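According to Swiss-Prot, the protein has these features:
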| type | residues | note |
| --- | --- | --- |
| BINDING | Gly612, Pro613, Asn614, Met615, Ala616, Gly617, Lys618, Ser619 | ATP binding site |
Amino acid sequence: MKLTPMMQQYLEVKEKCKDCILFFRLGDFYEMFFEDAETASKELELVLTGRDCGLSKRAPMCGIPYHSASNYINRLVSKGYKIAICEQLEDPSAAKGIVKRDIVKIVTPGTYSDSNFLNETKNNYIMSLYIEDKSVAMCFCDISTGDFFATSHSLDKSIILDEISKFDPSELLLNKDIDKNILKEIKNRFTISITNLEKDYFKDYNLLEGQFSDFSKEEYSLVLIKCGNGLLKYILETQKMSLGHIDCFKNYNIVDYLSMDINSRRNLEITETIRDKSRKGSLLWVLDKCSTAMGARLIRNWVEQPLINKEKIDKRLNAVEELVLNISLHEDLKDALKDIYDIQRIVGKISSKNVNAKELLSLKNSIEKLPYIKDILSKLEADLFKDMLSNLDELKDIYELLESSIMDNPPITIKDGNLIKNGFNKEIDELRMAKSHGKEWIANLESSEREFTGIKSLKVGYNKVFGYFIEVTKSNISSVPEGRYVRKQTLSNCERYITPELKEMEDKILGAEEKLISLEYEVFVSIRNSIEKDIDRMKISANIVAILDCLSSLSTVALENNYSKPKILEGNDIIIKDGRHPVVEKMIPTGSFVANDTTMDTEDNQMLLITGPNMAGKSTYMRQVALITIMAQIGSFVPAKEASISLCDKIFTRIGASDDLSAGKSTFMVEMWEVSNILKNATSKSLIILDEVGRGTSTFDGLSIAWAVIEYICNNKNLRSKTLFATHYHELIQLENKIKGVKNYSVSVKEMDKDIVFLRKIIEGGADQSYGIEVAKLAGLPEDVIIRAKEILNSIEQNKDNKIELDDIKENKNHIEKENKKEIATDKLLANDDFQISFTQIEEENLIKEISSIDILNLNPMEGFNKLYDLINKAKSIEKK
């Protein structure tokens, strides 16, 4: 048997898009066949039917109306599918043989640009990742706005994960021969649509130079050029058109921004909460009070990429301060901003020929506000505002064109007429007049025929099948004069008639209407094309509006929450007076948050060692220091009475327990990997947050590791990062007298009767107990358990031999010099004879030989910890024997 011609055509088109669901246009429907139909019927909950295709079995089929396709496309794209749109390329009534059809667009998660369904507060990025010769390049594009930027770096898996985490792309393009471990890590950590491409796909095709007038290959590495070319090629192939709004190539350097690895972003809840991935409860939720979608997207970018350039930060802070101090001007600015639509995405639609008349009307109404904004800018003095004033284009010519041409309430579709105002085009006015006169003639005909026949219910109607007709109900048919009308249609309750004069007028009316709709569409396209020439001007003004909106948002937040302007320093100090957690204070009753001071530097206050019970507020305090630092480097006021913040290059956090079972890693192993990453990558300009390091293993192992980490951070002159270290190992408080830079702090607790009250105040000095049983009581453990726990604790405390004293653990002086050469100390830890970590009890020659043979010059921090852990376990095993 042979396939039908239509089905042959379908399979030929399908061959071009094997990885897509093909929407095949047949009349007023998009039809899907075979496997595509089965998939779509399941995902879209459509009825699966069949169609004769020339084979013995009917082809599985389902379909959707073409006019409602957007909703179905969105549902499929959100589930990670790609959709190929195949349209009819000629009028079926004029076609000779089978209608010509072909793919006009491929919609993928990363190239989806329908603003009706996109999150207006977040960019929809597609990302390409290209690795070659121990270098990696990453390129990002948001088709809806035209943003296109890239970076390159020496190959580092953590850098790749950090950038994916930062920009959260919907789709990732990568070369098929990418390292399997990197690919596995990406799949484990992110929900992202991945498209594998042959390495040749990324070859240098000179596409970037063709797309971006300011791009020069000589300025960039080959790996970056290939990465960018691959992304641009994919975009052009899927969109099937030139995209003029993608006209600016930006190369960014990762080290130009405050770096936060994937764990830090998660732990600090920068854009979403850990618990339920909600925006509410994140730092972004606090800072985003933007009036426009453009501002909301930009402030998200600011939050994801805090600055490390003092001049740029101070410019933002000075602008925010001026708005805070000029409340009247600030309110005027907010009033103007709230009426501005998403100019960036409207411009994207203009470029891709998808804009409708309502969106052009929104563009006009937005442009109308630009003179007001320019007037406000002229009254402001901050350098950032002066820069904006000189660059803001009021776009008056575009406003005048749209004001004179587009109807005030046009339809959504652009092929149904009623788009163009009277007076803009003479021919349109004449056709409207003809159409109007024709309909007036119809109305007069209805009136005269009622009078002539005496049938008061007689009416002149219209439908697309029969055109105009005279309708008479069954009860009045006897009153119709003989020979006056020609019967056209009989219905159950009426008869429909025509006359030669009515048909003649119908031709005139419909002819005028058809010409009018066609001409209005032509004029609309002409207006759109005229505006498209000024895309650059519109993008510049839109970007200025977005920046203004961000500054306005930060000013609003500062005023609403009683924030202060931080002082940005070049040194290493962090000094915060009455600091507060920006998120927590908004989630509890106003005024109930307990503020705390912070003093940190790289000398006497480098390592703040914080002890105290669970639930007392240690983690909140440490996070607030990190968040205040981030806010300051964004250019935001901060939740504190005063704050002086030295520029920070990186923020690291190691907070909470997290298994990575899919990778076969335990909680403790994950913890050690994270600590290792911190020690390898932190610098003297970094801020480190460490919460309960070492708790994932036995007490003495954990204590040993925590102690070694503190020594390493404080004694390594190439590190010496400012660090907040929370611990339950109270023995560590004695390190304040042993290691320069360690400073003890604790969370104050008040004992009342037999209960405790957390005062949430950070005070100098270490805590001497954890109040663990009291916390357990607060958590609701049974009374019997609490009583028994106290009995056991009393018994343990009475046995003094079971209490470890850190003074008994001799600090090894020799390793400090070695650590300044990036080594890990694995020298013997000497302790009380009653404990398992006592190396003096180890007499077996083979273990001694193993220890003496360790080449510490070639151990990194992680290997050092692992080796120490292994030696301790062997020592325990020998002791048991």
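Residue 1 is the first one shown; counting continues down the chain.
Here the Cβ of each residue, glycine as well, is placed from N, Cα and C on the backbone.
Cβ neighbour count for Pro613 (ATP binding site): 22 (other Cβ atoms within 10 Å of its Cβ, all protein chains included). In the three-state DSSP assignment, the secondary structure recorded for Lys618 (ATP binding site) is helix. In this view, Asn614 (ATP binding site) is surrounded by 17 other Cβ atoms within 10 Å of its Cβ, with every protein chain counted. For Ala616 (ATP binding site), the number of other Cβ atoms no farther than 10 Å from its own Cβ, over all displayed protein chains, is 26.
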